[in-house]
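Taken from TrEMBL, the feature transmembrane segment covers 20-41, 102-119, 131-152, 172-194, 206-228. Under the heading domain 'Rhodopsin', TrEMBL lists 37-270.
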Amino acid sequence: MASDTWGPHHITDHDRGPWVTIMASLMMVYMIFCYLARILTRFTINGPFGSDDWIITAGTVVAIIHSSVKLVEVRDGLGKRISDLEPSNILDVQRAAYAGDLFYVVGLTLSKAGTFMLLARLTRYTRHASVAYAGLILTGIWGFASLLALFFRCQLPNPWTQELKCFQAYPTWLGIETSGIGMELLVAIVPVYIAWGLHVQLKSKLVLLFAFSFRLPVIILAALRIFYLQKQQKMDDPIFYGVDPSVCMEVELHYSLIAATIPCLKPFVKSFNTGYLGRLEIVPDAFRDTIPLQDYKPPRMSGARYNSSIGEGGTISIETNIVTVTDSRSL
């Protein structure tokens, strides 16, 4: 019988649910700390707080709600043997799993969308920003289609009331996770496309690629989840064997949001502020090696329209302790 309290549970041969509790709690804490670092960076080093930050903020809130729902699912019986559960407990687990799955897809969608918005924010060249916005649109389509598939994965009007053979709906998840891997590959390709068109030192290109390469483990986590979902489908006790894909779910969601924030952290911000993405940002107090305005030369980028002189048509604006220099004819 499932526990009706939030008391401590132990990992046993008949209860593996605490694994989900441990991983969900740890990853949620890591994600929150990383998000706070992003906020600190935005308000002290490289502001202002932009649309990409709002998207990641929403994703962080959704991820917290998702993990809270998974903790409820564990309390209701996730990880226990079906023989140890009452029919009402099984129904509670299915309801919590259904809600958690929906929040999971929304959170992943927001993490991908936030990354594309960050890429669009870093470059001030229309050609490259358009590619990032195209990725944003595809992400929205993927998220909407995935939610529809989950809404109607089992019999209505109560799709969470699933027969055991429908529990977790492997074919649906296979399509969602596989297409999600495709979206992650697109997220990885866009920085390569941007770097390829930059006429700058190789080191600068590698910094850009390295910052966004932290999303690649999301692909591995998604593949692992597919593997464990397939294994779960073959078992006659899906609630007990649902622990492994649930652990992968927790790690994938929270790490995806962490990876969306890593390019915003101080070491990468310092490199992005050199202007090689089409923007020069000089932070007077944050870094010692600031660049004098008179030494600035517009970056050369293939496909970009620019004027070599910033003296005519150029603008200088100051916002949140940052001096931003742009050539109005290159935008």
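Backbone N, Cα and C atoms are what each Cβ position is placed from, and that goes for glycine too.
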Positions on the same chain near the transmembrane segment (206-228), where near means CB under 8 A and six or more residues out: 115, 119, 173-174, 177-178, 180-181, 184-185, 187-188, 191-192, 194-195, 198, 244-245, 248-249, 251-252, 255-256, 258-260, 262-263, 268, 271-272, 277
Averaged pLDDT score, the domain 'Rhodopsin' (37-270): 88
Folded-back contacts onto the transmembrane segment (102-119), same chain, C-beta under 8 angstroms, at least six residues removed: 50-53, 55-56, 58-59, 62-63, 65-66, 69, 128, 132-133, 135-136, 139-140, 142-143, 146-147, 150-151, 176, 180, 183-184, 187, 190-191, 194, 212, 215, 249, 252-253, 256-257, 259-260, 263-264
